[in-house]
Amino acid sequence: MAKLTTNTFFNTKNIVAFSFFLVFLIVISVIVTIFFLGVSVDDVKTIITAINYQNWGWIFVVILGFLVSVLWNVIINWWVSRRFCFYASWWEWLLFGFVVQFFQIVTPLSLGQDPFRLYWFIKKGMKKQTAVLIVTSTGAFWNLSQALITWPSFFVLSKNYQLLANNHNSFVSYWLSLTGMIFDVVVAILFIVIAFNKKMHVLIYSLVNQFRKWLKRPYLTKEQIYQRFIEKAEFNKLYGIEMRRWGLTIFKLLANMVVAIVSYFSLFGVFMITKTVNTTNNVIDQYSLIDLFNITNIAVTASNFIPVASGEGATQFVMTSFLNAFKPTDQFLHDQIKDGVFLWRLLSVYLPAIFTGICFVVWIVQVIWEFKKTVNVPLKTVNTVSLETKKDK
């Protein structure tokens, strides 16, 4: 029997930090929209009224990237956790997927999603070591998949380097993109190295231990840390078993690539929505589907290393710079690019942030209700895999 007396996730420090990130995202989004893209309230009305209603179906294509990402958050975590006899109802998984997406959107570098996943699994009764195993064994694949699909786009873009070099904004955007892609590769490598390196485990847990000691929480001695991570090395063995499940590992990589590709094709859908009939000077007349995919792919990656929620500002800067650099643009095309990029962010970031934010509030209400409903409840324990008996199926 375990007594649930406090909800450590909702302490003052976490609430203040989260509120800061949310307010910061809103402020940056407004500043970028008004001062960089030059979109006013009247412009928003104009954008909405200018939508070609014959192409409303393309809105679903834009939103599809968001829905696929949410569905993937649910599928991969459910798929991996079921091996550890973990159970949650379908609606809890669905709510989990939306809240993970919320943290991806509103926290810098999407750093909030993994702590939330850890908290959610542990709160549902999973052992800490098992929860860490699930989170780390799925975390590296997004960065790795981005690297695999972005480098080819970057090489195609580099063929027109001289055009980019002639324009200051596009020249800066080019090098931002290269930095973002290198960042993806480094993060993916760090995930794998940290997971397998015993000394890194000792170092990281020693830092955590010092923090727990400072908070006057239970902590391990140096000998206990050494025994757990060097002599027994249980986590390394379990992580190795998990990563050697080649079918699942390849599935994680390919599925992450599909999620990214679907998302990056969404810009084409936006310009299909905003195209003007009876003219050949639309963005989609000047740029092919593959062109827009490459530009979106690189623009998103360029903001990966910038510690602002959803790469706000950097993504729009790179995208508009490239779109204006490769083709001669008149005022009509320039305005369509500006309006299209804003609409793309509205449908892929701002509205999803509002919707998933509501889901986050629903989840908070659920947690508070559960704590008030039960004072003493038996906590289920989800055991880790037995090294001797569990085989990859």
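Just so you know, glycine gets a Cβ as well, placed from its N, Cα and C.
What Swiss-Prot records for this protein:
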| type | residues | note |
| --- | --- | --- |
| TRANSMEM | 15-35 | transmembrane segment |
| TRANSMEM | 56-76 | transmembrane segment |
| TRANSMEM | 86-106 | transmembrane segment |
| TRANSMEM | 131-151 | transmembrane segment |
| TRANSMEM | 176-196 | transmembrane segment |
| TRANSMEM | 253-273 | transmembrane segment |
| TRANSMEM | 289-309 | transmembrane segment |
| TRANSMEM | 349-369 | transmembrane segment |
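Put simply, of 56-76, 176-196, 253-273, 349-369, the stretch with the most CB pairs closer than 8 A to the transmembrane segment (86-106) is 349-369. Of the two recorded stretches, the transmembrane segment (131-151) does not lie close to the transmembrane segment (349-369), with fewer than three CB pairs under 8 Å once pairs fewer than 6 apart in sequence are set aside.
Away from its own ends, the transmembrane segment (56-76) comes close to residues 93-94, 96-98, 100-101, 104, 138, 252, 255-256, 258-259, 262-266, 268-270, 272-273, 344, 347-348, 352 of its chain (Cβ-Cβ under 8 Å, at least six residues beyond either end).
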